[in-house]
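As annotated by Swiss-Prot, substrate binding site applies to Ser63, Asn114, Glu158, Asn165, Tyr189, Tyr240, Val258.
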Amino acid sequence: MPQKDLLETIIEQVRPLLGKGKVADYIPALAEVDPTKLGIAVTTIDGQTIGAGDYLEPFSIQSISKVFSLTVALTLYEEAEIWSRVGKEPSGQSFNSLVQIELERGVPRNPFINAGALIIADLLQSRLGAPKHRMLEVVRKLSANPHVIYDKRVAASEYEHSARNAAIAYLMKSFGNFNNDVDRVLRNYFHYCALKMSCADLSKAMLYLANRGQSLSAEQVVSPIQTRKLNALLATSGLYDGAGEFAYRVGMPGKSGVGGGIIAVIPGDMSICVWSPELDKNGNSLAGTAALEKLSQALGRSIF
């Protein structure tokens, strides 16, 4: 377990990076976030959580929600059903690319780009009567926080600027790889992205990825083998087009979101979340990545 003073030191070491990135501005509600926010939290497999900086302040988790969506899908479907609809390869394209969908006949490269996450949302819609309710239930349970909510203003803001995601969904539908009403699936998807959670919430919620599929409450969320596979996907595809850079610098499976959060996992040991809203050119938190790199170096830990 890292000590709290180590986390506080790391926060101060990366603070000079604030002002060098850019807050996501294509979602108006996200553009208003204070760019100086900076937090880190760690939860160990024995259930302890420590943090530093703004680690208790909720933020919009955005694409980090794709980990929860895929996890829920794995509890509802045989794996072969999921992987017949979406691939497992890094994309090498922007996270909202239409070109790749056209070239690969409606099958997205992986579940962590927008197209792949929309397929997962479509799968959830097919099996769940109230997907939004189920997702909130799952996340509250995993984080041990019954007060986690959807930020309805962020969800509405994303829906109002949803033309590209709608285009992706309709293009996949034209190839026969989308089964439900596009508008309904989009509304659910934007709600998942609009979950508001703190670094502490997320480090707790993602503990199952570090603990062979067991959550903070010792529930078996997914099997140990599924957990290993999830971590493999996170290591190769979790950081948009910056996955290689992240693996090189940080050396952990991870997932980022344009809200400035990044979750990372040291299997068998701990789950981590950092938050700093300013992003680098790949859409990943600039100071957050640096904080994870420093933590990895300080602990001498990497999966490689």
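Indices start at 1 and increase along the chain as displayed.
Heads up, the Cβ atoms here are built off N, Cα and C, so glycines get one too.
Structural mapping of features recorded in Swiss-Prot.
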residue : record                 : Cβ neighbours (10 Å)
Ser63   : substrate binding site : 23
Asn114  : substrate binding site : 22
Glu158  : substrate binding site : 25
Asn165  : substrate binding site : 21
Tyr189  : substrate binding site : 29
Tyr240  : substrate binding site : 26
Val258  : substrate binding site : 24
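Residues listed for substrate, Ser63, Asn114, Glu158, Asn165, Tyr189, Tyr240, Val258, cover a largest CA to CA span of 19 Å. In this structure, Asn114 (substrate binding site) is part of a helix by DSSP.
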